[in-house]
Amino acid sequence: MATQADLMELDMAMEPDRKAAVSHWQQQSYLDSGIHSGATTTAPSLSGKGNPEEEDVDTSQVLYEWEQGFSQSFTQEQVADIDGQYAMTRAQRVRAAMFPETLDEGMQIPSTQFDAAHPTNVQRLAEPSQMLKHAVVNLINYQDDAELATRAIPELTKLLNDEDQVVVNKAAVMVHQLSKKEASRHAIMRSPQMVSAIVRTMQNTNDVETARCTAGTLHNLSHHREGLLAIFKSGGIPALVKMLGSPVDSVLFYAITTLHNLLLHQEGAKMAVRLAGGLQKMVALLNKTNVKFLAITTDCLQILAYGNQESKLIILASGGPQALVNIMRTYTYEKLLWTTSRVLKVLSVCSSNKPAIVEAGGMQALGLHLTDPSQRLVQNCLWTLRNLSDAATKQEGMEGLLGTLVQLLGSDDINVVTCAAGILSNLTCNNYKNKMMVCQVGGIEALVRTVLRAGDREDITEPAICALRHLTSRHQEAEMAQNAVRLHYGLPVVVKLLHPPSHWPLIKATVGLIRNLALCPANHAPLREQGAIPRLVQLLVRAHQDTQRRTSMGGTQQQFVEGVRMEEIVEGCTGALHILARDVHNRIVIRGLNTIPLFVQLLYSPIENIQRVAAGVLCELAQDKEAAEAIEAEGATAPLTELLHSRNEGVATYAAAVLFRMSEDKPQDYKKRLSVELTSSLFRTEPMAWNETADLGLDIGAQGEPLGYRQDDPSYRSFHSGGYGQDALGMDPMMEHEMGGHHPGADYPVDGLPDLGHAQDLMDGLPPGDSNQLAWFDTDL
C-alpha cells in the first residue's frame, strides 16, 4: 500500500484547490455534494451547476495545472523515499512556520509548497499564531517597561535635581529614552514631580544635550492628553516659550511642536503662550528657512490671532505682516503657503494690520498663488485679497492680479467667483489705471457673463454690478465700456435687477450702473425699451414716500433699509432719470409718468445733492415747452429762485437754467429782471465766465466708500451688511455736505427781477452733452 500512502502525502503537500474538484465533478455533469471537494453545499441552480459564486472558474486552466504537476513519473522507491523525508520533517515544518526561533541554524527542511502564490495549510495557520505570539511578547515587554519606569522614576527625579550637571545630563538622556516607549511614557506623565523636574531642568540648563533631551521628552508626552495637562500644570508653557530662543534647531523643533500640540488640544494654553511672550518669539522665528518648521510656527500664530485683537496688534508690532508676505513671495511648499495665508486672512480683518499687509506687497504676493493647484490655498488667498482690497485702491503694480481675477470670473466654483467679483469691485474704485487694465483684458465681457450666470445670487451679482459701475465712468475707456455692456447683451439683465427679488444694496448699485450706461447715447433707446424708466420712477416714488413718512413721524435720523439709506435711492434714481432725459423720447416717457410734481417737491429737500439732481432733471425736461409750462404750474419758481443762492454752484446753475427755460414765453421786461437776478446770484463771488462753469461740478459728484469687510468677521463681510456705500449717495469730494441745509420757502418773492441780459451765456453754462468725466457713480472716496 506504499503507493496509496505516497499519494496521500502528496495530496497533503499539494493542497489542491476546492474549485478544481468542483470543476472536475461538473465536467462529469454531477452535482457537487461537498463531500469530496469540501465546498459549501448549495441548492443546485437552474443551470445545473454548483455554487453560483464559483461559476466563473476557468476549469481548463485548473485541470491543466493539475496535470502539469504530475507530468514527472516516480518509481516506487522514489515515492517511498520522498514519503519518508516528509514524515521525518513534518514536525520541523510546523515548528519552522510557528516558532522559527527554535530551529537550529542551517537546518534544511524540504518544502511541501509547489506554488509560491498558494501557501500551505500549515503556513496559513501560522499567521494568527505569530500574531498571538507577538501580542504576548508586547504585553510582557509593556509590563516590564511600566514596572521598570515606575521603580526608576523617583530615582530619576532626584537625579534631574542634582547639582552635578553631568549627572543631570545622564538622567535627562535616560528619561528621554524611557519616554519613547508607551508604558514608561504613561508612567512619566502620571508623575507630577517628574514632569516638573523635566520642565525645570530644560529651563535652567546651559547644556545643549540636556536641553535637547528634556525638550524631546516633553514633545513625546505632548502626544497624549494626559501629557499635555501634566505639562500645562507644571508650568511647561513659559519654559517652552523660552526655548524658542535656542540656537539649536532640534530644541527649536521640539519646543514649537510641543507648543503647537498644547495650543490645539489644551484649554488655557493660548492665554499662557500670550502671557509668556510667545507671539513675539514666534514672529522672530519667521526668518528661518526650514519650510516644515515655518508651517508649524505660522499655524501657531493663526491659532493665537484668531478672534483675539490684542494678538493681532502684537504680531503687527513685531513685524509680522512683512515677514508673512515674504514667505508668500519666497516659498513653494504648499502646506507652508496655506498656513501662512490663514494667518494673513485673520490679520486682514484688522484695521491696523490691513494697510501694513498692503504696503508690504501683500496683494501682489497673494496674487502669485491664485492659479495654484491647491484649492484650499487659492480660496484662502482670495478671501484675504477680498478683505484687503478696500485698502489697496491706490496700489501700483496690480496688472497681473487684475488679469488673473478676470480669468477667475469664469470659474465653476461659486466661492471663487464671489471673491473675484468683490476684489475687482474694490480695486476698480476710483483707480484710473486699474479701470483701464480691467477693460483691456476683457473685464466687461467677463463681468456681464458673470451676472448672467449668477441668476439671483446677490453675493455675486452685487459686486459684479458695482465693478461694472466703476468701469463705466471716469476713465478713457469708459465710453467703450458703456457700449460693451450693451454689445454683450447686458442691458436686459441689468434692468431686470431693478425688480424683485433684488434687495436694496443690489438695487442701489444697479441704479448707479444704469445712470453711467445712460451717458452713452446709444444706450438710451435700449434702456427705454427694456422698461428702465418706469421702474426707476417706481423706486423713486417708494423711497421718497418712506422718507416722507419718517419725517412726518418726527424722525430725524436717516432711515436704513438693508443697510441702504432711502435718501440714496431718491438721489440715485433722480440722477439716472436726469441723464436718461437727455433723449427726447425718454423725456416724453418721464413726463408721461407724472413725475414733474415729485421733482419739484424734491427741490425742497434739505440734502444738497438731492436738490442738485432734481434741478438737473427739471433742466432737461424744461427743454420741451409743455414740460416747462408744467414745471411752472407746479410752483417751481419759488424754490428754484431760492436755490439760486445755494453755496453749491451746480445747484445754482441748474436752477438758473430751469428758470431761464421757463421764461422763454415771458415778456421782455420779465426776462431782463430775471437776467439781473441770475447774474447777481451766480457771480456773487467773482465774475467767472460762463464757459468755465462746466467744471463747477454741475453733474453729480462721486459716491460712497469702498466695499469694506467687518472687522469682527474672520473670513469676509456680506455685501448686504451695510452696503458698499457708507456715505450719502452723490457726495462731492470737493465740497462739504451739509445735511441740515436751508429749506427754501414756498413764498419766496419773484417780482422785481431785473433785465435778463445774459440769456445765451446762461445756456452755454449748462453741463456738456456728455459729462462722462463727471460721472458720479464710482464708489469709495
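Quick reminder: no glycine exception, Cβ is built from N, Cα and C everywhere.
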Annotation match for phosphoserine in Swiss-Prot, from S29, S71, S473, S646: S29
T40, T472, T556 - the residue Swiss-Prot records as (Microbial infection) Phosphothreonine: T556
Among S191, S605, residue with annotation phosphoserine (source: Swiss-Prot): S191
Residue from S23, S389, S680 to which Swiss-Prot assigns phosphoserine: S23
Residue carrying phosphoserine as stated in Swiss-Prot, selected out of S184, S675, S681, S771: S675
Record-annotated phosphoserine (source Swiss-Prot) among candidates S33, S374, S721: S33
DSSP-assigned states of the repeat 'ARM 6' (361-389) in counts, ordered helix, strand, coil: 21 helix, 0 strand, 8 coil
Residue pair C619 (S-nitrosocysteine), Y331 (phosphotyrosine) - Cα distance, angstrom, rounded: 61
Other CB atoms within 10 A, centred on Y333 (phosphotyrosine): 15
Cβ neighbour count (within 10 Å, all chains shown) around C619 (S-nitrosocysteine): 25
Other CB atoms within 10 A, centred on S552 (phosphoserine): 8
Assigned element (helix, strand, coil) containing S246 (phosphoserine), judged by DSSP: coil
From S191, S246, S552, the modified residues whose CA lies within 10 Å of that of Y333 (phosphotyrosine): none
